[in-house]
């Protein structure tokens with residue numbers, strides 16, 4: 001926006017000064033006084049009271065031009081286009097362009113609307129106020145043009161894992177030039193842009209070099225435009241299609257507890273995922289031929305009635321047009337569980353006592369079974385535990401039997417304790433003393449247990 005005072009008033013003042021200089025002395029004083037009075041009435045640049053504002057509008061929308069007067073004296077207001085053609089003189093429209101419509105006319109404002117703005121309408125528009133001297137102010141209309149077309153192009157519709165591809169995005173015919181941003185999913189990437197100008201319009205092309213991985217399959221690549229004429233997000237996208245070699249995983253589906261023993265059934269399932277999906281999954285035995293009793297059914301490997309000869313490494317292989325992949329499983333067959341005999345009772349009979357000898361059995365069954373990969377160490381530990389338990393049981397039985405024997409002998413000798421005499425002693429001289437001793441012994445018995453004497 002700018003304002004100016006037309007030079008007609010200054011020219012009049014200058015002409016009056018020249019005339020005063022050429023006049024006679026008496027008249028000269030009067031002319032100078034008149035000149036000073038007239039100069040005080042002439043408006044200067046500081047007294048400019050015509051104003052307007054610049055306008056920015058999006059192509060196809062409506063622009064509003066307003067010529068405003070601060071201190072109106074009912075002077076005429078008119079509006080001119082960039083070619084100095086009169087659009088409105090007061091409330092009259094000489095220009096035959098129906099897109100211009102009068103919104104308001106008064107002594108202090110002339111407001112006009114311009115509909116369906118195009119890039120050709122851009123430029124300076126002039127407001128004029130017919131004062132003495134006339135005043136002029138201009139406004140600039142700037143037209144914003146959003147991108148007419150947004151295109152994204154991928155070098156390859158289908159890429160292979162690890163390959164670098166080129167992605168281009170073009171925003172055509174915008175004003176001013178657009179800013180292009182790249183996203184892969186939610187992650188922003190950096191591209192390289194080139195700007196081409198043609199007839200005050202700009203075409204921007206951005207290039208993105210992208211190395212793809214299998215995780216990028218199905219992820220969108222987004223081209224997003226930022227422009228003052230665009231509200232919200234203007235974007236376009238393409239979904240990546242990435243091919244990758246199979247990923248192989250082996251799962252043991254039987255036995256469920258994870259420990260394989262002789263005589264058990266055994267089953268493995270191979271899972272292979274890739275793009276394109278593997279068409280064939282095969283089983284091989286790495287260190288030997290496949291057992292004859294093994295059954296192969298697609299991704300499943302089944303072996304019935306396991307034995308030690310089945311030990312080895314079994315491999316699942318899968319392939320597609322991208323490549324091959326495999327996974328290994330090491331099988332170790334353990335001995336069958338050891339059967340422990342039930343507890344037994346042994347009875348020994350003597351003359352006066354029955355001795356019962358109990359055999360102590362220690363349970364040697366393992367409380368927890370080892371993992372498949374550590375099964376060999378677990379089996380050796382179980383065998384050692386069985387040997388120690390048997391030895392301990394035998395020692396306990398021997399000690400118990402000896403204790404019982406000592407108790408029996410002690411009780412036997414206690415029952416046969418006493419004084420013994422022979423027949424010869426009975427007829428000897430001291431026999432009377434022996435009888436007396438016996439009588440005294442019988443008469444003086446106070447204990448609960450009877451004391452006896454025997455003569456032989």
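Cβ atoms here come from the backbone N, Cα and C positions, even for glycine.
Because the structure is a prediction, the values reported are computed rather than measured.
Features as listed in Swiss-Prot:
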- 48-142: domain 'Ig-like V-type' (DOMAIN)
- 48-388: topological domain 'Extracellular' (TOPO_DOM)
- 67-127: disulfide bond (DISULFID)
- 70: N-linked glycosylation site (CARBOHYD)
- 104: N-linked glycosylation site (CARBOHYD)
- 116: N-linked glycosylation site (CARBOHYD)
- 147-241: domain 'Ig-like C2-type 1' (DOMAIN)
- 168: N-linked glycosylation site (CARBOHYD)
- 169-223: disulfide bond (DISULFID)
- 246-332: domain 'Ig-like C2-type 2' (DOMAIN)
- 270-316: disulfide bond (DISULFID)
- 307: N-linked glycosylation site (CARBOHYD)
- 311: N-linked glycosylation site (CARBOHYD)
- 436: phosphothreonine (MOD_RES)
- 448: phosphoserine (MOD_RES)
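Here the features listed in Swiss-Prot are painted onto the structure.
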residue: 67; record: disulfide bond; DSSP (3 states): strand
residue: 116; record: N-linked glycosylation site; DSSP (3 states): coil
residue: 127; record: disulfide bond; DSSP (3 states): strand
residue: 168; record: N-linked glycosylation site; DSSP (3 states): strand
residue: 223; record: disulfide bond; DSSP (3 states): strand
residue: 270; record: disulfide bond; DSSP (3 states): strand
residue: 307; record: N-linked glycosylation site; DSSP (3 states): coil
residue: 316; record: disulfide bond; DSSP (3 states): strand
Residue 311 (N-linked glycosylation site) sits from residue 270 (disulfide bond) (Cα to Cα, rounded, in Å) at a distance of 19
Same-chain residues at least 6 apart in sequence with Cβ under 8 Å of the Cβ of residue 67 (disulfide bond), in sequence order, are 50, 51, 52, 77, 79, 109, 110, 111, 127, 129, 137
Expressed in Å to no decimal places, the gap between the Cα atoms of residue 70 (N-linked glycosylation site) and residue 307 (N-linked glycosylation site) is 109
Rounded to a whole number of Å, the separation of the Cα atoms of residue 116 (N-linked glycosylation site) and residue 104 (N-linked glycosylation site) comes to 19
Taking every residue in the domain 'Ig-like C2-type 1' (147-241), the average pLDDT works out to 95
Spacing of the two Cα atoms, residue 311 (N-linked glycosylation site) and residue 168 (N-linked glycosylation site), in whole angstrom, works out to 57
Cβ proximity for residue 316 (disulfide bond), under 8 A, sequence spacing 6+, ordered by residue number, returns 248, 250, 268, 270, 272, 281, 282, 283, 299, 301, 326, 327, 329
Residue 168 (N-linked glycosylation site) and residue 223 (disulfide bond), compared by Cα position, are separated in whole Å by 9
DSSP puts the residues of the domain 'Ig-like C2-type 1' (147-241) at 3 helix, 60 strand, 32 coil
Cβ-Cβ distance under 8 Å, sequence separation of 6 or more, same chain as residue 104 (N-linked glycosylation site); the residues meeting this, in order, are 110, 111
For the domain 'Ig-like C2-type 2' (246-332), the DSSP helix/strand/coil residue counts are 3 helix, 50 strand, 34 coil
